[in-house]
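Below is one structure, written out as structure tokens; comments come after it.
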Amino acid sequence: MGSSSTPAAAAPPPSRRRVALYLTLLTLQYGAQPLISKRFVRQDTIVTSLVLATEAAKVICAIVLLIAEGSLKKQFRNWTLAGSLTASGLPAAIYALQNSLLQISYKNLDSLTFSILNQTKLLWTAFFTYLILGQKQSSKQILALTLLISAAVLLSVGESSSKGSKGGSSDYVLLYGIIPVTVASMLSGLASSLCQWASQVKKHTSYMMTIEMSFIGSMCMLASTYRSPDGEAIRKYGFFHEWTFWTVVPVLMNAVGGILVGLVTTYAGGVRKGFVIVSALLVTALLQFIFDGKPPSHYCLMALPLVMTSIFIYQKYPYADRKKKD
């Protein structure tokens with residue numbers, strides 16, 4: 001995908017401890033977000049208003065962080081439309097298409113099949129990371145990814161055991177269920193790898209990517225409100241319909257999560273972000289037990305050692321180029 005000129009004063013990469021902190025905070029945010037949203041967002045709150053508010057909060061947080069590190073003027077001085085569209089426009093468009101495909105698939109697949117197929121995005125991320133960035137995985141890291149996907153499947157089984165399956169003819173399920181979620185998983189891996197490429201090769205900072213992708217995503221969502229049910233609801237009841245003071249909490253928490261996603265993708269990579277997503281499911285189960293008294297399922301308890309083992313193996317046995325060794 002071509003190279004870019006190295007910035008005159010490139011910021012040094014953060015330490016391993018800092019990256020580990022980003023990974024831990026993102027895991028906690030992903031894990032706690034469902035419970036926080038459930039408690040502080042009313043049932044009739046307009047979803048589009050929450051999403052747009054979150055994107056606006058992401059932009060504000062990113063600008064504040066750029067000011068804090070003293071690079072705001074430099075980033076906007078070096079900004080170009082072509083560079084922005086290359087680095088952030090394509091991933092944003094891919095993520096938008098992916099979300100649409102997931103919505104189609106979710107309506108036409110039972111929860112278990114949907115969740116299992118959706119976990120293949122971990123493999124697609126590893127594949128596109130290799131294809132675009134040349135980042136190889138060791139045989140033991142591939143084993144770790146397999147263990148992680150197995151854990152994700154177990155967690156999906158536990159989640160879907162209380163949900164009924166959805167009917168439909170086999171051809172219809174294939175066309176409107178299996179194919180969309182499979183393509184969406186592939187697109188997720190592609191978009192994640194492109195974001196990593198933009199930050200690591202093109203030297204596009206994670207904060208600028210957050211600002212650009214939030215802006216593009218918001219414009220697309222605002223355009224969709226022209227004829228969507230949420231758009232009609234906003235025009236009829238107002239943007240902040242059913243909001244309370246506490247609604248701001250999940251919005252800000254989600255915005256911080258968006259900033260962390262950019263940092264994790266930049267400094268740890270899309271594959272490790274996959275480990276975060278699966279680990280967060282265990283965090284959610286733990287928090288549900290602590291605050292709701294809902295004990296974790298047997299599937300969750302079986303998945304826990306698999307996740308821990310996969311993380312240990314992936315970190316312990318990275319790919320080593322034999323030519324460099326020689």
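Cβ coordinates come from backbone N, Cα and C, glycine included.
No curator has checked TrEMBL annotations; they are predicted automatically.
Under the heading transmembrane segment, TrEMBL lists 47-67 (among others).
Here TrEMBL flags 79-97 (among others) as transmembrane segment.
Sequence annotations record features per position, and here TrEMBL assigns transmembrane segment to 112-133 (among others).
Panel annotation: around the transmembrane segment (142-161), residues 110-112, 115-116, 119-120, 122-123, 126, 271, 274-275, 278, 281-282, 285, 297-300, 302-304, 306-307, 309-311, 313-314, 317 of the same chain, lying at least six beyond its termini, place a Cβ under 8 Å from a Cβ of the stretch. Positions annotated as transmembrane segment by TrEMBL: 142-161 (among others).
Here TrEMBL flags 173-195 (among others) as transmembrane segment.
Beyond the transmembrane segment (207-226), the same-chain residues lying 6 or more positions past its ends with a Cβ under 8 Å from any Cβ of the stretch are 48, 51-52, 55-56, 58-59, 61-63, 65-66, 75, 79, 84, 87-89, 91-93, 95-96, 195, 198-199, 234, 258-259, 262. Taken from TrEMBL, the feature transmembrane segment applies to 207-226 (among others).
Away from its own ends, the transmembrane segment (246-267) comes close to residues 13-14, 18-19, 22-23, 25-26, 29-30, 32-33, 36-37, 39-42, 45, 50, 53-55, 57-58, 60-62, 65, 192, 195-196, 199-200, 205-207, 209-210, 214, 273, 276 of its chain (Cβ-Cβ under 8 Å, at least six residues beyond either end). The annotation transmembrane segment is assigned in TrEMBL to 246-267 (among others).
The feature transmembrane segment is assigned by TrEMBL to 274-290 (among others).
Residues or ranges marked as transmembrane segment by TrEMBL: 296-314 (among others). Listed as Cβ neighbours of the transmembrane segment (296-314) (distance under 8 Å, sequence separation of 6 or more from its ends, same chain) are residues 140-141, 143-145, 147-148, 150-152, 154-155, 157-158, 161, 272, 275, 278-279, 281-282, 285-286, 288-289.
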In the same chain, residues at least 6 away from the ends of the transmembrane segment (274-290) whose Cβ sits under 8 Å of its Cβ atoms read 23, 26-32, 34-35, 119, 121-122, 125, 145, 148, 151-152, 155, 264, 296-297, 300, 303-304, 307, 310-311, 314
Stretch among 47-67, 79-97, 173-195 sharing the most Cβ pairs under 8 Å with the transmembrane segment (112-133):
173-195
